[in-house]
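A.B. asks: Here it is, the structure in full.
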């Protein structure tokens, strides 16, 4: 019976090989190294996809630090890559910062409708934040990237992001159902102010267009062929607890997840005596790794090392990203470090 439950390959190669994936979310508790992992995954995907976009939805915007390059809310090419792009969005931006192009039109009716639109939308809980995401999704879909990687904010924000299609669909659905009741009143208001073009269709046209996009995204998020979520954690109680909560919430939302990255692990090297602190930490991590193996036997569990230097800059991210595909070997890493030092010494 034991042979029937062989552990799955400890790498993210399954994601690279699944060409149908459009949306990949990377998330977990704060401070576990989500950004390094999401940037590394994006780098590996860029080797195998026509075009890849990584989006940071974390207000801290750490992807600029990871690649050592400033990114904005417009997709920019990552230095050293031809097909990898990055952008940073603020999940707290509301409708006041939606572009004016969203409310196109030269007449005063459209200018008034922007204010009315914001007032109505603002009255629906959660819609304001969700609509800013909706506008981003509209932009991303129009650019037609092969794969989009989301470097998400800590767990709570992430779950809100993933539920936004439902929130928007529910809220906009209510508005559109009210359209017939409000239509005569809106037309009267338009006539009163001498704006014959201001009617219910003006107000709801954009909503209907947005709702179509939202429904498509909602459908795609719940399709395991197109969307998956990679959970990142460290081998500690609180992180493992948060990961289990996240996995349960994702399952409840109908979002696929079958990969877990355990980051910042200590690895023992043959012939090297660890210090007392390292031995103690190694023992604690071993206990939680056993629990992870029991809880997630049907997941790909990737183990990443705790490094003595930061992973910063495109070249270092490229190098670290290999660990997502090939299981980390401390002996191999030590040999590579020695070779690098010798090369640096020669170049000097």
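For all residues, glycine too, the Cβ spot is worked out from N, Cα and C.
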A.B. asks: For the ATP site that Swiss-Prot assigns to 29, 30, 31, 32, 33, 34, 35, 36, 236, which of 79, 218, 259, 263 is also named?
C.D. replies: 263
A.B. asks: What whole-number value in Å do you get for the largest C-alpha pair distance within 29, 30, 31, 32, 33, 34, 35, 36, 236, 263, the residues recorded as binding ATP?
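C.D. replies: In whole numbers, the farthest two Cα atoms are 19 Å apart.
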A.B. asks: Looking only at 31, 33, which of these binding-site residues has the biggest number of Cβ atoms within 10 Å around its Cβ?
C.D. replies: 33
A.B. asks: Could you list the residues of the same chain, at least six apart in sequence, whose Cβ is under 8 A from the Cβ of residue 275 (Zn(2+) binding site)?
C.D. replies: none
